[in-house]
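One structure is given below, encoded as structure tokens.
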Amino acid sequence: MNALAATNRNFRHAARILGLDSKVEKSLLIPFREIKVECTIPKDDGTLVSYVGFRVDPDEVNALAQLMTWKSAVADIPYGGAKGGIGCNPGDLSKSELERLTRVFTQKIHDLIGVHTDVPAPDMGTNAQTMAWILDEYSKFHGHSPAVDLGGSLGREAATGRGVVFATEALLAEHGKSIKGLTFAVQGFGNVGSWAAKIIHERGGKVVAVSDITGAVKNPDGIDIPELIRHKESTGSLKNFQGADSMDANELLVHECDVLIPCALGGVLNRENAADVKAKFIIEAANHPTDPEADEILAKKGVVILPDIYANSGGVTVSYFEWVQNIQGFMWDEEQVNKTLQNYMTRAFHNIKSMCQTHDCNLRMGAFTLGVSRVARATLLRGWEA
Ligand SMILES: NC(=O)C1=CN([C@@H]2O[C@H](COP(=O)(O)OP(=O)(O)OC[C@H]3O[C@@H](n4cnc5c(N)ncnc54)[C@H](OP(=O)(O)O)[C@@H]3O)[C@@H](O)[C@H]2O)C=CC1
Ligand SMILES: O=C(O)CCC(=O)C(=O)O
């Protein structure tokens with residue numbers, strides 16, 4: 001099932017649980033706006049190449065935008081949801097080609113983004129540097145020029161991974177467990193995966209397996225994560241790391257562990273591998289890592305899944321703190337960012353649990369009903385009369 005069909009299915013299930021009016025349901029399913037732009041750049045060798053950029057596309061980006069909407073509502077921050085992207089493999093482009101492409105994309109969408117309309121943020125294959133290029137290009141049209149470090153919040157880089165850890169702690173506490181002494185397998189070692197693994201390691205968790213696009217490593221006694229980060233930074237991959245054995249990357253999702261944390265692509269848990277998952281808990285740090293068929297198989301096995309729209313909401317929550325700080329022109333210290341993030345993550349977890357109790361549903365439906373009911377309530381209050 002593709003990402004959009006799966007996301008729509010979860011939304012419809014939540015709408016049924018909530019008894020949502022079918023017209024409201026239909027209205028919430030259709031994106032407010034879809035943008036598709038052509039981005040042509042000269043490559044470093046002088047040849048021209050064209051890419052297509054989106055701010056919400058008809059399929060995967062639509063699903064991700066929809067997830068952002070429910071996620072912002074679950075986190076209880078005053079944002080809607082959108083997602084953008086360019087159909088390219090960033091790994092195939094040089095840094096200057098990436099910069100040109102990002103700037104051309106920004107030229108095409110600058111009228112439709114902005115502080116009070118739509119704020120882009122990093123996701124897979126993008127980072128703070130990408131956002132700085134967008135900001136700089138946007139500023140040429142709109143004259144916006146924040147001061148310190150281009151206005152990025154302290155703690156934003158680690159925020160999604162840190163939020164994943166706060167979410168994991170909230171879930172484990174409910175089951176009478178803590179991170180210390182449990183074993184973890186982490187798929188993806190980019191922004192989210194490396195930060196989540198590092199903080200778990202600091203808190204006494206044993207990260208026994210990690211993968212990236214180049215392969216996977218395992219060590220039943222626990223991998224030294226700071227060492228692995230240094231190795232990845234210096235070599236660009238997990239290969240040849242001395243502190244662990246290499247393993248088949250496909251094995252990672254079914255590796256022996258207490259907690260599995262997918263931090264890479266969508267749809268990685270599906271009917272092909274769900275039955276073989278050994279973990280008792282899955283923390284969805286990636287967006288949409290579990291397709292609906294896998295959801296059913298895993299539920300039958302008694303695996304507890306902490307859904308993406310809550311588990312990875314630390315990123316957008318700190319993006320919201322960043323927005324608040326820039327509007328006020330007053331920067332918080334990192335401790336305040338992290339402490340406030342923890343409060344948001346803990347509160348959201350209890351709100352989800354309360355929906356689970358009210359509607360006798362699992363955590364995914366608890367999160368969906370929480371997010372969808374908040375957006376539906378706001379939509380109904382605004383009304384449709386001209
Ligand atoms: N960044 C954020 O703030 C947020 C991210 N997310 C989600 O988290 C996930 C990861 O995002 P982020 O960390 O930012 O992205 P990055 O681009 O920083 O990292 C992605 C990681 O996934 C790895 N990867 C790619 N393909 C595979 C594969 N087939 N098998 C194993 N690993 C693979 C990459 O490997 P390599 O390092 O070798 O390239 C890289 O380590 C995505 O689903 C994203 O949507 C959700 C909320 C917020
Ligand atoms: O920081 C943000 O605003 C968005 C983070 C993100 O890409 C996500 O939650 O999927």
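Cβ atoms are placed via backbone N, Cα and C, with glycine included.
Taken verbatim from TrEMBL:
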ACT_SITE  Lys83  active site, proton donor
BINDING   Lys71, Ser319  substrate binding site
BINDING   Thr160, Asn191  NAD(+) binding site
SITE      Asp123  site 'Important for catalysis'
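Ligand 1 lies within reach of Asn191 from the recorded positions Lys71, Lys83, Asn191, Ser319, judged by a C-beta closer than 6 angstroms to any of its atoms.
Ligand 2 lies within reach of Asp123, Ser319 from the recorded positions Lys83, Asp123, Thr160, Asn191, Ser319, judged by a C-beta closer than 6 angstroms to any of its atoms. Within the same chain, the residues at least 6 positions away from Asn191 (NAD(+) binding site) whose Cβ sits under 8 Å from its Cβ are Pro122, Asn127, Glu157, Thr160, Gly161, listed in sequence order. Secondary structure at Asp123 (site 'Important for catalysis'), taken from DSSP and collapsed to helix, strand or coil, is coil. Here the recorded positions are Lys83, Thr160, Ser319, and the one with the most other Cβ atoms within 10 Å of its Cβ is Thr160. Comparing the Cα of the residue listed as 'active site, proton donor' with the Cα of every entry in Lys71, Asp123, Ser319, these being the recorded positions, the smallest distance points to Asp123.
When secondary structure is read from DSSP and collapsed to three states, Lys83 (active site, proton donor) falls in the coil class. Around Lys71 (substrate binding site), the same-chain residues at least 6 positions away in sequence with a Cβ under 8 Å from its Cβ are Gly81, Asp308, Ile309, Tyr310, Asn312, Ser313, Val316, Gly371. Long-range Cβ proximity for Asp123 (site 'Important for catalysis'), meaning a same-chain Cβ under 8 A and a gap of 6 or more residues, is found for Leu64, Lys83, Gly85, Asn287.
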